[in-house]
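Features of the protein shown, as given by TrEMBL:
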DOMAIN    67-427  domain 'Ammonium transporter AmtB-like'
TRANSMEM  24-45  transmembrane segment
TRANSMEM  70-91  transmembrane segment
TRANSMEM  98-119  transmembrane segment
TRANSMEM  139-158  transmembrane segment
TRANSMEM  165-184  transmembrane segment
TRANSMEM  196-214  transmembrane segment
TRANSMEM  226-245  transmembrane segment
TRANSMEM  265-285  transmembrane segment
TRANSMEM  318-338  transmembrane segment
TRANSMEM  358-376  transmembrane segment
TRANSMEM  409-431  transmembrane segment
Amino acid sequence: MRNPCTGTAEHQGMAKNTNMRWRLPLVCLLWEGAMIVLFGVFVRFGDEADAHWKEEKREMNLTSDMENDFYFRYPSFQDVHVMIFVGFGFLMTFLKRYGFGAVGFNFLLAAFGIQWALLMQGWFHSFKDGKILIGVENLINADFCVGSVCIAFGAILGKTSPIQLLVMTLFQVTLFSVNEYILLNLLHVKDAGGSMTIHTFGAYFGLTVTRILYRPNLEQSKDKQGSMYHSDLFAMIGTLYLWMYWPSFNSAISDHGDAQHRSAINTYCSLAACVLTTMAFSSMLQKKGKLDMVHIQNATLAGGVAVGTSAEMMLTPYGSLIVGSISGIVSTLGYVYFTPFLESRLHIQDTCGIHNLHAMPGLIGGIVGAITAAAATEDVYGKEGFIKAFDFTGVYQTRTPSIQGGFQAAGIVVSLLMAFAGGAIVVQIGWEAPEPLTKVVLGQVPMEGGGGVAETTCLQGGWKAQPGC
């Protein structure tokens, strides 16, 4: 009998290709049709995007269209948009056999995810008179949500089909929106750059999925998980885009004025410090003092993750440098020591090392945010600035900094629990019928290009590996 991991009969291969040929188009078209219907029923332009803006402007006594939120938010939105589609997409092209898949499927899941995120987040945050009112800030928040999905994608890179990625996106966006609502609305935590809601949740969601998908025989494909000169160069394009635009990411939805200004400065400083400590420890931990491109591509970004929660707080520039320095060290050490431990001892095969770039720095960010919030005083913020920074108004006007710090810490725990539970649930939902996998680390390609044909895969169809693999 032919081993299902090493090959199939010709007619079986044709059947699988035919199966893939109609299943992916069917899923994409049906789901897009559902989006059109749901948008038609629920989604409308917000006040500042509606044609009645002229009347709204007169009622609010505004004299210029420049007061429209579009002119404040759109530059940051475009920076975030580039990060999601170019930054994350190209960062994952480091694998020598997965260039098309990394960019192409990141594009697919992000394009679907932003539509579903506009609906899910809209139902939670901007639902009014039976309609979801959207503006440019909704677009930013949808990109944030999809950023979490892109992070999870990094953990399972090369181990799932495009249909499975779409299913994961559907469920992860839903759970992200629930988690975000719990943290921001019920616990009233501050998380401008998403250290908890985006990075911690997304990373541990993806790590949970990849742990359940563990296959012992993957060690046999170590040679296919490596990079080559040009793939590392393409990945560095993603790194540089992410690094340059991360200040926009962390400040995109902060309040106009000092909070947004402060978020950008804190992130800028943290990222700069992170690069130096990453380079230092990469050289220190490698033979002959050579730099490792894996560290340079990833750990240099950890500073942006780690300062996310506290970005709009009075962390101070030197505090940002400290956070960035620590996160660069922790992330680099993670790639050298913790990733091998996760794979050998805990059976977590983290393709992109998201535990080092997003999970641990995300936890650092949540902890720094809790400490910074607990240490806040009116002397540092000023009376009005103190109230505005933490939104201590209405039912929260009696909340003290120490209590706020406690709720910030609780936000970390909630994000972890939601990620673990969500990742475990989504893996149980899949298809058992075999189908060709994506152009993966081990995979057979449903994409064509100049690279020719890739090798066959061991993992097929649903979320579970075939018997005997």
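Placed from the backbone N, Cα and C atoms, the Cβ positions cover glycine too.
Unlike curated records, TrEMBL annotations are generated automatically.
Note on the transmembrane segment (70-91): residues 48-49, 102-103, 106-107, 110, 135-137, 139-140, 143-144, 146-147, 150-151, 153-154, 234-235, 237-239, 241-242, 245-246, 248-249, 251-253, 256, 297-298, 352 of its chain, located 6 or more positions outside it, place their CB under 8 angstroms from a CB of the stretch.
With a threshold of 8 Å between CB atoms, the same-chain residues lying at least 6 positions outside the transmembrane segment (98-119) that come near it are 28, 31-32, 35, 38-39, 42-43, 84-85, 88-90, 92, 132, 134, 138-139, 141-143, 145-146, 149-150, 153, 157-158, 162, 165-166, 168-170, 173-174, 176-177, 231, 234, 438-441, 443, 445, 447, 449, 451. Contact counts against the transmembrane segment (24-45), taken as Cβ pairs under 8 Å, peak for 165-184 among the stretches 165-184, 196-214, 265-285, 358-376, 409-431. Among the listed stretches 226-245, 265-285, 358-376, 409-431, the one sharing the most Cβ pairs under 8 Å with the transmembrane segment (165-184) is 409-431.
Long-range contacts of the transmembrane segment (196-214) within the same chain, counting only residues at least 6 positions beyond its ends with a Cβ under 8 Å from a Cβ of the stretch, are 144-145, 147-156, 159-160, 168, 172, 175-176, 179-180, 183-184, 189, 305, 308-309, 346-351, 354-355, 358-359, 361-363, 365-366, 369, 411-412, 415-416, 418-420, 422-424, 426-427, 459, 463-465. Sequence-distant neighbours of the transmembrane segment (139-158) (same chain, 6+ residues past either end, Cβ-Cβ under 8 Å): 73, 76-77, 80-81, 83-84, 88, 92, 95, 98, 101-102, 105-106, 109-110, 113-114, 117-118, 120-121, 125, 165, 168-169, 172-173, 176-177, 180, 194, 197-199, 201-203, 205-207, 209-210, 213, 225, 252-253, 350-355, 358, 423, 438, 440-443.
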